[in-house]
């Protein structure tokens, strides 16, 4: 049984069958860069980061493209408000976006194309649409004639008749029909502009993604993703202009993330009910934010509450405590010559939970269900460590290997597992613990306390239990 994805286009789950064997080509709509990213944006990019990570974990080569819309009405408006050059404004917020995604441990896309660097490609694409009879020039720009594309509405279910009643269409003086949308906007005074066969101007919003995705992923590719709010009009219009140009199916699977909700309303800039990524990172670690997002399936609405974030923080601490318990137990572990009933119980619990994890992720990347399996392993291994005098090294390693998979797929615990010289570090820590133990015996408590304090600064906490001392890693605040 392979990976199943929910395809917005067909409104059902389908087995993922990439166009090229062993490779998934994926395009995710990137930001319009005029302001700081908020949690609603982060939710989408964390979700697609985990989807990509899981596909790579399952052995696929993933080619991922994410665009930057660096010229747009919103950018021009913000630049006019601030007196900043639109290009410099966009450049500044591209840097902000990349910094925020890096802080959230979102892996970089393979290619980040920008609209302003693909103007010639966009012009060529529009020329093809005109040649094929799908586009026309009006007084204020070039438009796509929606009624010429017979499959319009197949993604969103919207009907042309409804659009003609004035629902969710952009204004335009030169349109033939209300539903038609701009491919090229003729220049207005003071706006950025480029030469074209239709006079100076700039691209419309929808044409950008069709051009840039196809340039790097081909005229047909596997996955196109974004937030639910992009289904109409953006993705619907992308399909229309792309399939009109190429004459065949453009994208095989359409994936969309649910909204982040605040007291029953969508988190958005327009409502002013948003919290920026930077504000969140002042209060919570990147891993807490990732875990908060992953506690819900990517297609489900995600309620933003402080209680929810605190719950994620507590859960993350539980998992880190489990990792430390395993590490400490490894010191006392023994090789397996014979298994007891409790050994078998622990092994079976890990095996069953591991299967549940993969089953959940194979079922449209259901991170909420997969996390339940993670906590099943956590509970089982903690119980095992408490109940046996000498845990079996092989069982502890199986639990640790499972958590490494979780780290790889969910983007948590990465620093914990990245320490290449961990073995040497542990030997040095053990040596310092022994030196401190001797100092305490000699009642040289000032030096013993100095070692404890210096180790604490490095994230190593010592706990004295009678004559013995146990150490564990902690987050340095």
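Cβ coordinates come from backbone N, Cα and C, glycine included.
The model shown is predicted, which means the values in this text are computed figures rather than measured ones.
Among the ranges 9-19, 20-30, 31-41, the stretch that Swiss-Prot annotates as motif ''HIGH' region' is 31-41. The motif ''KMSKS' region' annotation in Swiss-Prot falls on one of the ranges 256-260, 261-265, 266-270, namely 266-270.
Its own atom aside, the Cβ of residue 238 (Zn(2+) binding site) has 28 Cβ atoms within 10 angstroms in the protein chains shown. Between the binding-site residues 234, 269, 234 has the most other Cβ atoms inside 10 Å of its own Cβ, all protein chains included.
Through the fold, the motif ''KMSKS' region' (266-270) approaches residues 35, 38-40, 229, 259-260, 304 of its own chain, all at least 6 residues removed from its boundaries and within a Cβ separation under 8 Å. Candidate binding-site residues: 29, 209. Fewest other C-beta atoms within 10 angstroms, 29. Residue pair residue 234 (Zn(2+) binding site) / residue 269 (ATP binding site) shows a Cα separation of 18 Å.
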